[in-house]
Amino acid sequence: MSFYYFAYGSNMLPARLVARCPSAQVFGRAAAPGWRVEFWKHGRDGSGKATLIEDTATQVPGVLYRIEDGDLAALDRAEGAGFGYDRLDDLAIDAAGTALRVASYVASHPEPDLLPFDWYLALVVAGAEQAGLGADHIAALRRHDWQVDAFLARAGRQEGLRALTAHGWADAAAVLQGQAG
């Protein structure tokens, strides 16, 4: 058995999600109406991570994946389900005109004053570009404020940079500046 998962943050980049859930396969583009994306989830590293925030005036584009049930526990661990993120199992999305109810994650306690690290925001931008989520969305992501991660040996940073490299990007700065990957 399998389930559908809507990614709107760093997991939009396939190498990032497949490293966490080997069975993950891109199913296509999708959008979550009634939500917007913010970087208001407090990460274990103290930075802001992507989360959905209810907003009836907009929708969030993202990537829809099909994942085998056996990878759900790994996805929950990677996302911190119960420890900063809550898993929604019935998020309403639009996948090319088809209404679906899917799994996704939202911050348990959003914190508006957080900033993402440069490498994390680069993962989100690269995933949006790879999926072809639209120039306006990608430009808005690139305009978002971010902070430099001064801890170069951080495991999450190293994992993120490997995912960028797997998709042909030189580094986080190249993604954020819009240089071809």
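The backbone N, Cα and C atoms fix where each Cβ goes, glycine too.
For reference, TrEMBL has these:
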ACT_SITE  GLU79  active site, proton acceptor
BINDING   TYR5, PHE6, ALA7, TYR8, GLY9, SER10, TYR120  substrate binding site
DOMAIN    5-109  domain 'Gamma-glutamylcyclotransferase AIG2-like'
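Taking a C-beta cut-off of under 8 Å and a sequence gap of six or more, PHE6 (substrate binding site) has these contacts in its own chain: ALA30, ALA32, GLY62, VAL63, LEU64, TYR65, LEU91, ILE93, VAL102, ALA103, SER104. In sequence order, ASN11, ALA24, LEU64, TYR65, ARG66, ILE67, LEU75, VAL102, ALA103, SER104 constitute the residues six or more apart from TYR5 (substrate binding site) in its chain with CB-CB distances below 8 Å. With DSSP states grouped into helix (H, G, I), strand (E, B) and coil, the domain 'Gamma-glutamylcyclotransferase AIG2-like' (5-109) comes out at 21 helix, 64 strand, 20 coil. Taking the Cβ of TYR8 (substrate binding site) as reference, residues of its chain lying under 8 Å away and at least six apart in sequence are, in sequence order, ALA32, VAL37, ALA50, LEU52, VAL60, PRO61, GLY62, VAL63, SER104.
Spacing of ALA7 (substrate binding site) relative to GLU79 (active site, proton acceptor) is 11 Å (Cα to Cα, whole number). Around the Cβ of SER10 (substrate binding site), a 10 Å sphere holds 25 further Cβ atoms from the protein chains shown.
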